[in-house]
Amino acid sequence: ATVNLRAVTSWVGIARLLAVVLSCVAFSLVASTGDFGGPYGTWCMFTWCFCFVVTLLVLLLELLELYPALPLSWDDFTSAFSMLAALMVFTTSVVFPSTFINSPCSGSKCARQAVATTVSCLCFLAYALEVGLTRAKPGDISSFLSTVPGLLKVFEAYVACLIFSLLDKYSSKAGLQWCVAVYSICFIITLLIIIFTIGRCLSYIPCPLEKMLVGYNALALAMYITATILWPLYSFKDTKRPDSCGRHCSWNKHLGVTFLTIFNLIAYLVDLVYSTRMVFI
């Protein structure tokens, strides 16, 4: 193995080093408080640890120039991971303080939690910087997942995962079952596109990939339009928000799914526009 110092001295390498340090500081501070129990705390700790380990591994593989031996598209993998890490850390930076920091904030424990939140926000900025630095420029088609449609694929899959985490009490209504089917079908196909791209398997698809993606984006957009209409219609029809509606209230979860559905609808619309421009213009 040879040593490639540009892996840590380039702007992308510096952004990754910052992400490694900041994610390590974040989970160390939270671990020192001993207060990270429950599903939300577990998710936050997993996010920081996962991003720390994978980013450190990416740095080592690029520093020692070992990544060409891996049976995958390295540029697609790093682009997809940086986008995923940015989304995960952003979610954690919102979930952690809203769950664990009480008002008024006082004492050393609360101070460490506040610093961890600030560090997590800076970590998100580091990953966002990496996404911006590695995004494909106009005319550059070296890696699909570094283009705007490719990054949107990661966003769409992640938002679908957030939707799944909020699903509650939908089996009694056919309209809600259709919405869950929409989320599931689009998530599976989008995830397969990401996996096949990273695994260099797209060449085995017996049809023009670009036109297939345009067709899929149009179909996913149409399906999400129906979900955007049906989910709030069946979720909130003749249903008022309970007076005591806490964090685990079904009404709040349904509201969260509604907004996330709209986010993915917009993402698929932008994806369709960019994909159409790439193929036909």
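Glycine too: its Cβ is placed from the backbone N, Cα and C atoms.
Automatic prediction, not curation, is the source of TrEMBL annotations.
The domain 'MARVEL' annotation in TrEMBL covers 7-139 (among others).
The feature domain 'MARVEL' is assigned by TrEMBL to 144-280 (among others).
Taken from TrEMBL, the feature transmembrane segment covers 12-31 (among others).
Feature annotation from TrEMBL assigns transmembrane segment to 43-61 (among others).
Among the features that TrEMBL reports, transmembrane segment is placed at 81-101 (among others). Residues 19, 23, 30, 35-36, 38, 40-41, 43-44, 47-48, 50-51, 54-55, 58, 110, 113-114, 116-117, 120-121, 123-124, 127-128, 130-131, 134, 145, 151, 154-155, 158, 162, 247 of the same chain, all 6+ positions outside the transmembrane segment (81-101), place their C-beta atoms under 8 angstroms from a C-beta of that stretch.
Look at TrEMBL and you will find 113-129 (among others) tagged as transmembrane segment. A Cβ distance under 8 Å defines the sequence-distant neighbours of the transmembrane segment (113-129), meaning residues of its chain 6+ beyond its ends; these are 11, 15-16, 18-19, 22-23, 25-26, 29-30, 33, 35, 48, 51, 82, 85-86, 89-90, 92-93, 96-97, 100-101, 105.
According to TrEMBL, the transmembrane segment annotation covers 141-166 (among others).
As annotated by TrEMBL, transmembrane segment applies to 178-198 (among others).
Under the heading transmembrane segment, TrEMBL lists 213-234 (among others).
Here TrEMBL flags 255-274 (among others) as transmembrane segment.
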- [ ] Could you tell me what the rest of the chain brings near the transmembrane segment (12-31), counting residues at least six beyond its ends with Cβ under 8 Å?
- [x] 6, 41, 44-45, 48-49, 51-52, 55-56, 58-59, 62, 85, 89, 96, 112-113, 115-116, 119-120, 122-123, 126-127, 129-130, 133-134
TODO: List the helix, strand and coil residue totals of the domain 'MARVEL' (144-280) as derived from DSSP.
DONE: 109 helix, 0 strand, 28 coil
Task: Stretch-level contact, the transmembrane segment (255-274) and the transmembrane segment (43-61), CB cutoff 8 A, at least 3 pairs - done: no
